[in-house]
Amino acid sequence: MILFPAIDLKDGQCVRLRKGEMDQATVFNDSPADQAAAFALAGCRWIHVVDLNGAFAGRPVNAPAVEAILAAVDLPVQLGGGIRDLAAIDLWLDKGVRRVILGTVALRDPQLVREACKRHPGRIAVGIDARGGMVAVEGWAETSAVSALDLALRFEDAGVAAIVHTDIDRDGLLAGPNLDATAALAERLTTPVIVSGGVASLDDLRAIRARAAAGLEGVISGRALYDGRIDLAEALAVLAD
């Protein structure tokens, strides 16, 4: 199972938010490229990057920081946040991003997701951020009337590489992931699912690893890695077993 260490970008810095609130950001590194290099040195196989400013603006904002990360590591990078059209998708994939994550646009314009999957097979993921089981969009500022499962099922035949499922109510709180909800989602899908939000301990990772058969491909971890609650080497070992 893959551990995706998270680099969330706000104003060019590596931060973590609490429950998606931009005014509750903690800066962990003012050099995202250095942070990515540290993750690579520790043995990570992927890097998960989110342009937080971009998610709210609806367009890429932290491009220089993303480009610095791509230059700093020889690892596959998946990128989300503010990617809302084919031009932005093409741009980032051409620049070396391995996989882009489409969130708001997946709800607003599902046909664009399908077109992107045709143009870039295996390189398009859908990010489903849920609050109380319902999809939230526009940088989590708006909660829709569509359930996470309903949205995921719309893309079952589209060729999506993965679903990134985030429980907003757990994100950045170190309260443990909503594993039951994510595993229940994964069991209904053929598309691999990545767990995100709330991971706080090695025991959380062991619980996720134990549910791999449900269709869980990996887990995204941020704050717990940065504040030392989870040792990165131990985390990689737990998920490799």
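The backbone N, Cα and C atoms fix where each Cβ goes, and this holds for glycine too.
Here's what Swiss-Prot has on this protein:
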type: ACT_SITE; residues: D8; note: active site, proton acceptor
type: ACT_SITE; residues: D129; note: active site, proton donor
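Listed in sequence order, C14, V15, R16, L17, V49, V50, L52, G222 are the same-chain residues at least 6 apart in sequence whose CB falls under 8 Å from the CB of D8 (active site, proton acceptor). Under a cutoff of 8 A between CB atoms, and with a sequence separation of 6+ in the same chain, the neighbours of the residue listed as 'active site, proton donor' are G20, G103, V135, A136, V137, W140, T166, I168.
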